[in-house]
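Note sheet for the following structure.
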Amino acid sequence: MTILPLSSTPGRNTPTQQSSSYFPSQEGGPTIGIPGQNGAFGRRKSDGGHGFGFGGSNNSSGRVHRGGINGGGVSNFVPLFLRRLFRFPHMDFQFALWQMVYLCISPRIVYRNIHYHKQTKNQWARDDPAFMVILSGFLGCSAVAWGLVYGHGMIGILRMILYMVFVDFVVIGVIVATVCWAIANRFLARASVYSTDQSVEWQYAFDIHCNAFMPVIVLLYIIQMVFMKILLKDAWVCTLLGNTLYMTAIVYYCYITFLGYNALPFLRHPEMFLYPITIFAIVYIIALILGINISSKVLFLYFG
């Protein structure tokens, strides 16, 4: 902990002396700011001015209030996310694209630096919305392509964009993330008498959904569109290809979800998130036996 001196000599009130509202500190330690003439406390900026700093009124009691991002629920995440959503110059799109590529070819690599992120940002969730912005852009472009393939007009394409982005990705993602978040905190969190109890942040649960949704976009929104004419043919081989495509997307989603919770050291038995694969495998086998083309059914529900 670094204790900083007063901005002016004690007992004097020299008008030429000015206090600074920002006091640098050593990396990793909190800063004790002493109020100056402008009544502002020192702060440590961890992310472009947003992080674990504190400021405001002149508190003469000398108490230090630590602020920052805690592991709360949806209400703690949405305001911060909205503040950062339109700050494009502060977004790292190159790193987000790197994550997207490796989520499709080697998703374990993406979760290797999570402990470093926790130590530097004091949260497990990513603080950069660039990943979600690019993901939404991919879905929007995919909706336009699907609308052109099926001959929808401008209104139909706009309706498809809203449905794919806000229903498929956001609404379903919020539901899945909330369920997984509740299960992890209620049943999988490991209590310890030697350290404070830790919990899964809802932001991190939604980040896991975003990561797991990337291969789904590649498989079901891009590859399925490219091979749509083959998958919709009335042949058992085409049914096998279509159903396998959906089964692969589900396995990828569950596997990346497992990796996300497995990276948290205070959770036990995260393999629980792999259990739904068994249920979908049974449905996959039954659909093949009965000759049900899942790809054909889903596209009919989407586009009629």
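Each Cβ is built from the backbone N, Cα and C atoms, and glycine gets one as well.
As annotated by TrEMBL, compositional bias 'Polar residues' applies to 1-24. TrEMBL lists 1-40 with the feature region 'Disordered'. According to TrEMBL, the feature transmembrane segment maps to 93-110, 130-149, 161-184, 204-223, 235-261, 273-294.
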Interface check, the transmembrane segment (93-110) with the transmembrane segment (273-294), three or more C-beta pairs under 8 A: no
Result, the transmembrane segment (235-261) in contact with the transmembrane segment (130-149) (3+ CB pairs under 8 Å): no
Distant-in-sequence neighbours of the transmembrane segment (204-223), which means Cβ under 8 A and at least six residues beyond its ends: 77, 99-100, 103-104, 107, 110, 123-126, 131-132, 135, 138-139, 142, 146, 164, 169, 173-174, 176-178, 180-181, 184, 245-246, 248-249, 252-254, 256-257, 260-261, 264
